[in-house]
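Engineer: A single structure is presented below for examination.
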Amino acid sequence: MSALAAAAAERTRVVLPIEGMTCATCAGRVEKALRSLPGVEATVNLTAEQADVNFDPARLDPSKLGEAIARAGYDVPRETREIAVSGMTCATCSGRVENALLSVPGVTRAEVNLASEKASVEGIAGILKAADLIAAVERAGYGAELLTGDVERDKQIITTEERRFRRETWRIGAAIALSAPLLLPMFGIMQPAWLQLALATPVQFIIGARFYIAAWKALRTFTGNMDLLVSLGTSAAYFYSVYLMFAGPHGTHLYFEAAAVVIALIMVGKWLEARAKRSTTAAIQALMSLRPDRARVERNGAEIEVPVAAVAVGDVVVVRPGEKLPVDGIVIDGRSEVDESLLTGESLPVGKNPGDPATGGSINGSGLLRIETTAVGAQSMLSRIIALVENAQAKKPPVQRLVDRVAAIFVPVVVGIALVAFLAWWLLAGNFTAGVIAAVAVMVIACPCSLGLATPTALMVGTGAAAKAGILIRDAEALERAHRLDTVILDKTGTVTEGKPAVTDIFPKNVSEAELLTIAAAAQKGSEHPLARAVLAKAEGIALPVLAEFQSHAGKGLTALVDGRQIAIGNRRLMQENGVRTDEMEAQAARLEEQGRTVMWVAALDTAASLLGLIAVADPLKPTAAAAVRHLHEIGIEIVLLTGDNERTAAAVAAQLGIKRVLAGVLPAEKAAEVQRLQAAGRHVGMVGDGVNDAPALAAADIGIAMGTGADVAMQTAGITLMRGDPLLIGDAIAVSRATYNKIRQGLFWAFIYNVIGMPAAALGVLSPVIAGAAMALSSVSVVTNALLLRRWRPAAAPGRV
């Protein structure tokens, strides 16, 4: 009985949420899939949409549960956790933390960012436990705290990091004060051996204890890191100096400075690196600072102040002049101008009147506003922007995978080179001292830190600079694809035009102008199409007949039953399909289309189909559209204008913008095929759109770019989202992606060059340990500083830009 109890105690029970089950057969299929795994007992509850699973973790990896459910045709939701990791010093450290997290049951993906000192972990909902993740990181030898998304909690973590930074500053001061006198013999000022020992010892074992501790933690997990190299190198110099002090000839040169000064220099380098890394998060910190802690809410006829977390959807929030808007909502009373620059990059204040949307985090101007809350917490626009930017900064571009593989073998290779250098000098050249110094220099100059920092620092600064300009890059893969673009497809409506068409001309045939407008407006009462809204706006105030039936024909128009009459409104294709002759009004239509206007044909489909007339609509170009096209041409991008309009209208718009290639008359379902056709010709294609019709094409493109003024579905599909409807941001998005990727390349180049040149030079005895330590410190600082130059990137300027 005791054996049975022990076996039961070793088993694990988890409850897995399951998506996609619709009937008892589905539940049975999932249950069968789970029970087919070794040692698994499972019961599936269809009503609760979850599976109660009991299994032995010694016999089964929990991730296999999710795989079994997926094979059965259903989904297990994933969840993501963010963790702040402390104590990492180089790329080897981040790789070790990543491996530790991947070993946790239920984890499907783990990515560690050395620059931001954060880990992003994705796992199976129901299995992924924050406590397990933190324990795994701590077992690997590092500190870990869960980032909850709670503003106050995350601020506390930032405060803790600030205190750690200040303590490190004091340690560096002490290291410099003790090691600086050891350099005096270089200037002919000799010092007794006992004084050198007294100065070097506290630097080596008290101030430098952190290197030994981190090295020991790495060795416990059979890995190496920068701390191990520093510990081995400086220890060799220190103990060899102690040996010479007591056993060597009198007056022999000692190498205490090679140990103490190297530690001081490396600490200075890491401090400068930390300062620079803090600057890489400036964009995120600026966004987080926009979140006020408290809000003024109307409840039971009174105005009370509550924490922002206590505000609910539907609450009316009062925002006084100069205050930050605490929530997303709709203005129900008051008029003001609001500063949204940090959210959208729009430099001018935006007017707010009753009925206008308002975004949390923007700063109110001189008027008092009453706002009805529509989104709070994680659902607010500000939180979504922060999450998107943090997600982009956490993900690794493909180039980083190669760096991680190099970092994994870096330390053993360096130790091997140092050993070869020592043996060569000792056995071949007969100089034991030179061998020790060469080995120390090799281990000290080797820098896995710069390798690990090159990509994430550039990525953080680049995505931060882009966010400040109103460009949100979803992830590192989107950034990599964007920098390769050579072709951009612009969807006409809402991208280069305002997306607010207005009726300009009405040409009736056999009916009056008023009757034609009335019929057209009545038929389109059920449509949300921009052209329909233009007709309805023109007919505002007119009593409309009853609409009995309505059917939309994608890319063609609509048919409707109005006051007992079957009406068709759309393009020539719809007219032809319904047997309506258009030749009598073709000349008028052609003239309007050549002016860039969209023509709607209106016909009655009675016993004999007859044309009732034409309605012309114009959608004005955005003020910066022509400048945006010029900017794209300047950076080497070929532009294609894509539209469902006829060829004459599309050609007229393209001519105004300076676009040579036009794809006209394209149905929504055909847009993705046009993208794929260009890709098949070897082009790297970006698709820019703002509506639901664009979603398939955005997904098909190498990179989808969504205008933030459009539909949410387009923003979810796109790799890049533009937070305001300025087409100039399209070229800016490509430019900042190229600039960021160039910085990644430069950083990796310098990181490799430091090691490729530095280690052979150290092995040959060209570099002393002190110079090697300075070079090692400089390598990391220079890589991070080079990435910080991205903060100088500015979006393109154009006359009339808003």
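Quick reminder: no glycine exception, Cβ is built from N, Cα and C everywhere.
Pasting the feature list from TrEMBL:
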- 12-77: domain 'HMA' (DOMAIN)
- 79-145: domain 'HMA' (DOMAIN)
- 169-187: transmembrane segment (TRANSMEM)
- 193-216: transmembrane segment (TRANSMEM)
- 228-248: transmembrane segment (TRANSMEM)
- 254-272: transmembrane segment (TRANSMEM)
- 406-428: transmembrane segment (TRANSMEM)
- 434-454: transmembrane segment (TRANSMEM)
- 747-764: transmembrane segment (TRANSMEM)
- 770-790: transmembrane segment (TRANSMEM)
Engineer: Six or more residues out from either end of the transmembrane segment (434-454), which same-chain residues have a Cβ under 8 Å from its Cβ atoms?
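Structural biologist: Residues 89-94, 114-115, 225-226, 229-230, 232-234, 236-237, 240, 255, 258, 262, 266, 270, 273, 277, 403, 406-407, 410-411, 414-415, 417-419, 421-426, 744, 747-748, 750-752, 754-755, 758-759, 761-765, 767-769, 771-773, 775-776, 779-780, 782-784, 787 contact the transmembrane segment (434-454) from elsewhere in the chain.
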Engineer: Taking DSSP states H, G and I as helix and E and B as strand, how many residues of the domain 'HMA' (79-145) are helix, strand and coil?
Structural biologist: 22 helix, 25 strand, 20 coil
Engineer: Mind checking which residues reach the transmembrane segment (406-428)? Cβ under 8 Å, same chain, six or more beyond either end.
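Structural biologist: Those are 90-92, 95, 223-226, 228-229, 232-233, 434-436, 438-440, 442-443, 446, 448, 451-452, 759, 762-763, 765, in sequence order.
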Engineer: What residues elsewhere in the chain lie close to the transmembrane segment (169-187), defined as a C-beta under 8 angstroms and at least 6 residues from its ends?
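Structural biologist: Same-chain contacts beyond the ends: 195-196, 199-200, 202-203, 207-208, 256-257, 260-261, 263-264, 267-268, 271, 770.
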Engineer: Sequence-remote contacts (6 or more beyond its ends) of the transmembrane segment (228-248), Cβ cut-off under 8 Å?
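Structural biologist: For the transmembrane segment (228-248), the nonlocal Cβ contacts are 193, 196-197, 200, 204, 208, 211-212, 214-215, 218-219, 254-256, 258-260, 262-263, 266, 411, 414-415, 418, 433, 436-437, 439-444, 446, 769.
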Engineer: For the transmembrane segment (254-272), what are the same-chain contacts with Cβ under 8 Å, counting residues 6+ beyond its ends?
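Structural biologist: For the transmembrane segment (254-272), the sequence-distant neighbours (Cβ-Cβ under 8 Å, at least 6 residues beyond its ends) are 89, 168-169, 171-172, 175-176, 178-179, 182-183, 185, 193, 196-197, 199-200, 203-204, 207-208, 211, 230, 233-235, 237-238, 240-241, 244-245, 436-437, 440, 444, 449, 768-770, 772-774, 776-778, 780-781.
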Engineer: As a quick check of your reading of DSSP, tell me how many residues in the domain 'HMA' (12-77) are helical, how many are strand and how many are coil.
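Structural biologist: Once the DSSP states are binned, the domain 'HMA' (12-77) shows 21 helix, 19 strand, 26 coil.
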